[in-house]
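According to TrEMBL, the protein has these features:
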COMPBIAS  1-10  compositional bias 'Basic residues'
REGION    1-26  region 'Disordered'
COMPBIAS  17-26  compositional bias 'Basic and acidic residues'
DOMAIN    192-267  domain 'PAS'
DOMAIN    270-322  domain 'PAC'
DOMAIN    354-486  domain 'GGDEF'
DOMAIN    494-746  domain 'EAL'
Amino acid sequence: MGLRKAHQKRQSMGSDKSTEESQRSDAEIADDILKRVAEAQRLVGHNEYFVELMRILAASLQVDHAMVAEVLPDQHTATTKALVSYGKPVANFTYNLDGSPCEQVLDRDHCAFPNEVCERFPRDEVLQEIQAQSYLGVPMFDQAGFRLGLIALLHSEPRKFSQFEQGLVAIIAALAGAELAQSHSYSELKESRRRLETLIDNLPGVAYRCKNDEYWTMEFISSGVSALTGYTAKDFLGNRTLSWMDIIYPPDRSLVDKRVETKKERQKPFQLSYRIIRKDGQVRWVWEQGQAVSGTDQSYGYLEGFITDITERQEQRDKITKIAFTDTLTGLPNRAALLSHLHYNANEPEANKEAMYVAIIDVVNFRRINDEWGIHLGDEVLKQLADRISESMRANEYCARLSADEFVLVVHNTETDEPIEAVLERVLSCAKNPIRADHIEVQIALRAGVVHTSMIDTTNELLQSASTALHQAKLNGQQVCVFSQKLAAQLQQHRHRTDRFMRALAQHELTIYFQPQIDLRTNQLIGAEVLCRWIDDELGMVPPDEFIAIAAEQGVLNQLGEQVMGLACDYLRQWQESYAQVVKISVNLAVQQLDSHELVEKLVQFRGELPQQLITLEITESALMTDPEQAMRMIHELRQSGFRFAVDDFGTGYSSLAYLQSFEVDILKIDMSFVHKMIDDGSSAAIVSTIIAMAQTLGMKTIAEGVETEAQAEALLEAGCTSAQGYFFAKPMPADEFAKQWLSHLNAN
């Protein structure tokens, strides 16, 4: 049977379960099983369906063997419909039920043996062959309550099966039993007309033969129609009282008619599920299998088929579908449901496609909520926000949760009197009042990017374009941005620049410039700031703000910073060999680099044998205040490793004096915005003087940025600032030019 070989292989591999798998909760296991069962529904009607169900059970409940078996008519033997052993399907076989635990399963509901099952049933050859220690069996029934067979789980180690696990197996047994019962029904339908007419009334369901006319005039219908519909066979024969179409649920009628006609034209059997209304008003799901049959004139004169009640199975399928397509946090449709919703419209014929607006909505600075109050409160905010959005929507609108704090609003029937701007104003205003969660009032703001389907061809492009509009809204400080052709052109240009930048970064085509830093008392060179430059063959000199923003979008700021540091250290080593005296350099760090656990190790590696204190690391004041505690820890580690630290653009980031004392900073760089205005603006001059005095009090040095005139240089020196950089002294320049103009002169003196 192939089991012995599989068992031996299993023994050689071992059977330890991973810690992660063993710690999964019941809810996680149930969610995993139901989602995978939902995916397996595509295999209904095929033998692989049973194999897939057993794979799911074996993997999710972590047992060695999972088997579904059908009891044969003699009631003493059974044949497997599927057996999965150690994750692999095994060829089906017939085995004796006598003296086996499976025999007991068929005599009662569930049967579980947590250990020593081999010793309890020594006559069971299957158990003995695989040396099973534990066993769980659950019976399968048809609609009439007849036992069709069973599902059995076997494991090579002792194992208790919880009530929860037994319940899950019972759900799978119900699905497998329904499929097995339906398979039986279909097989019997293919029997000869004589046998069909003899046995049909004893089968669950309805067999019929009707004319292929406008009313589907019924010529034969089995007596099972009474149990299914509440009407008698006489009610339907000759359409005396009503036709079959009359009891089909109204919204399903056109679908049924269309499906039957399509299959008939293609000369193929038809299979479909739909709803009917019973005589007592109850709505039931049925499954129909039928085909068109030639009449005496060789035309399709009749329709013959079989109809069975699948309400219970459909309800199970609906539950599984709901789980697979519902966001567990908010109860809204999830990303999979959204894509299905959009794909359905995209795949319609052009004439039937519906014009829609698709908007992505997000919460402004949602990360701050999680950081300040915790993920639990953030989740509660999202749940209440989802409820508010749902309450603000109208019948032609659909909302799904895309990811994290992003929601998608789909507006159908865009030719209404309400323009999209008004729709979004109505929906976004749901965040006007604070959200109260855990006794905390949280005020949030929403923004949106929206696109119309007339501009976009595919679902992916729809969402990408809406995301682009949302990004543009963030950049412009808008609440709503509508995607346009102009924005599309900008997006294309941005993609082009992004592609070229990523290639330049990968191929190490970026370079660095040096801007001299001057002692205002002696006009001598005392240092230089390292500045990254991207000179593209096609685009020319690209402004740093542009390509640094691209690096941030692409998540490669760490890589960019490492390349800059590597180049800077290489030049320092070259200059050490060529000059007796070199100057200190300043290299900028991005805030994202502070989050890297490898930052200190990599910077020390780049520095190599270069003297400590030769390299100053700069980070902007606003970046420091993004996460002050993390910045404080990282600065301390870097200083311990011999690096000096400077706060760039000081005066613009709203840091507190307490934090400044804790940051272990060596230098404050006065922001150029104050330097530019200090001659004509008393407030700016006062700010500059205050920064200088504060730095002196804390034992820090100051460097003024952006000095462009002699008057500014003199005013800074008079205020107590002794170092500066700016166009008044020199613009940033390539390394060779810096060495020739400044290092050569320094060493000559």
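Each residue's number is its place along the chain shown, starting with 1.
Every residue gets a Cβ built from N, Cα and C, even glycine.
Bear in mind that TrEMBL entries carry predicted annotations, made automatically and left uncurated.
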Stretch-averaged pLDDT - the domain 'PAS' (192-267): 83
Secondary structure tally of the domain 'PAS' (192-267) (DSSP, helix then strand then coil): 39 helix, 12 strand, 25 coil
Within the domain 'GGDEF' (354-486), residues counted as helix, strand or coil by DSSP: 61 helix, 36 strand, 36 coil
